[in-house]
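Colleague: Encoded as structure tokens, here's the structure I'll be asking about.
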Amino acid sequence: MAASPDQFRGHARLPHFAAPLRYDLRLRPDLAACTFTGAAAIAVVVSAPTRFLVLNAAELDVDRASIRFQDLAPTDVAQFDEDEIMVISFDRELPFGEGVLTMDFTGTLNDQMRGFYRSKYVYNGESRNMAVTQFEAADARRCFPCWDDPAFKAKFKLTLEVPSDLVALSNMPVAKETVSGLTKTIYYEESPLMSTYLVAIVVGIFDYIESSTSEGTKVRVYTQVGKTNQGKFALDVAVKSLDLYKDYFATPYPLPKLDMIAIPDFSAGAMENYGLVTYRDTALLYDELLSSASNKQQVAITVAHELAHQWFGNLVTMEWWTHLWLNEGFASWVSYLAVESLFPEWNNWTQFLDETTSGLRLDALAESHPIEVEVNHASEIDAIFDSISYDKGASVIRMLQSYLGAECFQEESGEPVKDLMTTWTKQQGYPVIYAKINGHDLELEQFLSDGSSGPGMWIVPVTACCGSYDAQKKFLLKDKMDKINIKEFSDSQSADGEKNQIIWIKLNIDQTGFYRVKYDDELAAGLVNAIKAKKLSLMDKIGIVEDSYALSVACKQTLTSLLRLLNAYNDESDYTVLSHVTSVCLSISKITVDATPDLNKDIKQLLINLLLPAVIKLGWDPKDGESHLDVMLRSLLLTALVRLGHNETINEGVRRFHIFFEDGKTSLLPPDTRKAAYLAVMRTVSTSSRSGFDALLKIYREASEPQEKSRVLGSLSSSPDQDIVLEALNFMFTDEVRNQDSFYILGGISLEGREIAWTWLKENWDHVLKTWKSSSLISDFIESIVPRFTSEEKAVEVTEFFAGQVKPSFERALKQSLERVRISARWIESIRSEPKLGQTVQELLQADA
């Protein structure tokens with residue numbers, strides 16, 4: 001029986017009997033009709049006997065009559081939509097060696113923010129379309145037929161036909177340009193070898209500013225007309241990052257130019273296309289007057305991340321998406337290295353613990369996945385662009401680097417690196433190390449992250465110090481249990497000389513390891529004293545509160561003891577530490593609404609008392625010469641106090657908002673404190689008193705600056721009034737809100753609004769699926785609404801609703817969200833069974849009084 005095209009269906013990857021060497025692509029986008037036409041001539045090497053060519057194509061209309069391989073016309077062309085492949089059959093075996101495959105095709109400039117798509121912008125007061133590409137992970141096939149797999153690297157030679165008044169950019173510089181009437185044809189230089197997911201095209205009306213690296217590479221930031229001043233900060237970071245990376249990687253920047261461009265509709269944060277990096281506006285643009293300090297930091301870290309990819313990812317590329325974590329984890333880790341060097345006053349490595357925390361929080365779930373994850377179908381790839389690939393990936397790299405030492409990390413080391421890393425990349429979860437004192441020994445035992453003692457075993461780089469940071473112990477815990485003599489790493493004075501003084505022992509110094517530590521009561525008490533006595537580093541103060549919180553959620557430690565620990569942070573004034581403390585406070589405040597409604601008011605008061613001293617010190621108004629981190633701290637704490645229901649803060653926020661609403665130029669509400677004021681206003685809004693809501697909508701409609709728009713959107717759904725929450729959610733469906741920005745409204749939903757939000761999601765689910773196609777955007781809807789619930793009954797109800805209609809694009813998000821609901825339900829049971837909780841809350845409140 002002759003082989004049929006059907007044999008190629010249902011495979012994760014394309015067959016290897018033919019591979020592309022070079023693509024010659026000609027594309028002509030029509031921005032008015034939102035279509036494009038294209039012609040491809042692909043140099044292909046045939047290396048094994050075959051009479052088929054198999055490549056990817058999706059949502060393209062290929063003109064079958066135009067297809068030729070050398071002078072052969074195909075006998076059959078089959079397109080399998082579910083596999084996104086095209087199988088071209090010939091009546092004889094293809095000659096070995098190089099041949100050229102040619103074809104013509106047409107497609108749509110879609111509105112899904114993937115493939116070759118359209119984005120709306122306003123120019124001279126009228127709405128226009130720009131054409132943009134977003135190909136990672138598997139969407140180049142929506143623009144041209146190709147071997148859309150990172151391993152099939154090839155050279156690309158692009159030609160674009162566009163209206164002559166537009167700017168058209170691609171990965172490489174322009175080689176030549178010809179104009180014929182209203183159309184110009186632009187020929188770009190041929191690229192070096194690269195994967196399809198990094199090809200990029202942008203066509204529209206733009207301005208740019210430019211600079212050069214020390215090597216003379218030209219760097220440009222393109223923005224909408226009139227906004228180039230907002231690109232200056234990113235341009236400066238880019239030039240300095242390229243110079244820094246050239247030395248770090250000991251390799252010059254690989255391309256002749258680098259362009260960075262802000263795109264108004266963009267599903268991710270940014271995309272590292274080779275030589276033409278695309279960003280959502282908020283990740284690239286920074287305005288001294290309109291942006292906040294946290295916006296500035298976000299721009300710096302995003303630019304540094306994308307530019308690290310120009311070497312790590314673009315020049316050197318993973319063979320398949322299983323190794324995405326190396327690509328993203330390394331770019332995340334190295335972006336902190338760059339920003340630390342450019343802005344040492346931001347204390348960036350301490351802020352890196354935000355990444356580690358989000359990695360640990362996701363990895364504590366049974367529905368997590370190993371860093372290296374099998375990918376069996378293109379539709380599964382998007383779902384692994386998550387906190388495991390990025391944050392756990394980066395954290396494991398930091399753990400290895402700090403264990404081996406920086407110099408050693410860049411070279412080869414004698415340590416058993418492969419064995420060590422395999423335990424962290426091939427299995428999901430992380431160990432929890434139980435530490436207890438037994439005489440002069442510190443006994444350690446490792447458990448799985450959910451506390452059960454399963455088959456999971458890690459080679460754990462353990463670091464420890466005792467009484468001071470001067471003497472540190474470092475070793476690999478390779479077995480389930482081990483012990484070390486405290487004398488090996490303690491200050492000799494404190495260990496024996498002063499029996500009455502509780503020594504402190506801290507494991508996982510500066511939280512460089514991707515694991516948690518549970519201390520016995522004696523060790524835990526010693527650490528509380530060390531916090532109060534200001535003996536610990538910022539990173540260790542963060543680690544202790546995060547580990548303790550995680551153990552409480554996992555029902556391995558009481559909420560009572562967590563509240564006592566938090567109390568030790570009552571005169572903390574550092575932003576990096578307080579950002580973790582406030583996040584834990586807000587989580588406790590939410591869970592106790594359901595767990596202990598009668599205690600919730602007192603617990604909120606306790607948490608307010610904890611944060612208030614730092615707020616009183618900072619006030620609402622910026623001070624001359626204050627640090628970047630203090631500016632961020634003010635915003636963080638005021639927002640937290642509003643969320644905790646602190647009346648004075650809410651009233652002051654509302655007062656300042658009214659002045660600002662009448663006079664946008666007032667100095668009473670700079671960008672950094674606006675979020676707190678907007679949330680304060682929304683806490684006072686109801687159906688019968690909605691002027692604050694309408695005022696915020698007016699600010700949104702009049703703002704041209706995307707960061708201001710996102711601040712407003714993030715507050716609209718936070719009203720305690722269900723009808724207002726519903727109105728905010730429906731606002732998302734209007735054409736006033738870009739689809740990329742839906743997550744701001746979803747992320748702000750008040751606790752009081754969760755039921756109406758869930759009802760709304762069920763009623764509109766079909767519309768959501770049709771409108772938001774990318775995995776990350778659909779997942780936002782589930783992850784923003786489902787985990788707000790805390791009962792087994794609700795988990796069952798959600799499961800029943802989605803039964804039979806789960807798709808790969810959101811399956812992982814749904815399973816993880818349901819698991820979070822069940823974890824909350826178990827935590828509530830555990831909190832309700834704590835005998836001393838009420839009494840402890842009263843004691844701590846009286847101590848504050």
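Using the three backbone atoms N, Cα and C, a Cβ is placed for every residue, glycine included.
As annotated in TrEMBL:
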type	residues	note
ACT_SITE	Glu306	active site, proton acceptor
BINDING	His305, His309, Glu328	Zn(2+) binding site
DOMAIN	20-198	domain 'Aminopeptidase N-like N-terminal'
DOMAIN	233-411	domain 'Peptidase M1 membrane alanine aminopeptidase'
DOMAIN	504-822	domain 'ERAP1-like C-terminal'
SITE	Tyr390	site 'Transition state stabilizer'
Colleague: Within 10 Å of Tyr390 (site 'Transition state stabilizer') (Cα-Cα), which of the recorded positions His305, Glu306, His309, Glu328?
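Modeller: Final answer, ordered: Glu328.
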Colleague: Applying a 10 Å Cβ distance cut-off over all chains shown, what neighbour count does His309 (Zn(2+) binding site) have?
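Modeller: The Cβ of His309 (Zn(2+) binding site) has 24 Cβ neighbours within 10 Å.
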Colleague: Under 8 Å between C-beta atoms and at least six apart in sequence, can you list the same-chain neighbours of His305 (Zn(2+) binding site), or say none if there are none?
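Modeller: Non-local contacts for His305 (Zn(2+) binding site): Ala270, Glu272, Ala331, Ser332, Ser335.
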Colleague: On average, what pLDDT score does this prediction assign to the domain 'ERAP1-like C-terminal' (504-822)?
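Modeller: The answer is 96, the mean pLDDT of the model over that range.
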Colleague: With an 8 Å cut-off on Cβ distance to the His305, His309, Glu328 Cβ center, who else from the chain surrounds the Zn(2+) site?
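Modeller: After dropping the recorded site residues, what remains is Glu272, Glu306, Ala308, Phe312, Gly313, Asn327, Phe330, Ala331, Ser332, Ser335, Tyr390.
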Colleague: Name, in the order they occur in the sequence, the residues of the same chain whose CB lies under 8 A from the CB of Glu306 (active site, proton acceptor) and which sit 6 or more residues away.
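Modeller: Set apart from Glu306 (active site, proton acceptor) by at least 6 residues yet with Cβ under 8 Å, we have Met260, Ala270, Met271, Glu272, Val277, Tyr279, Ala331.
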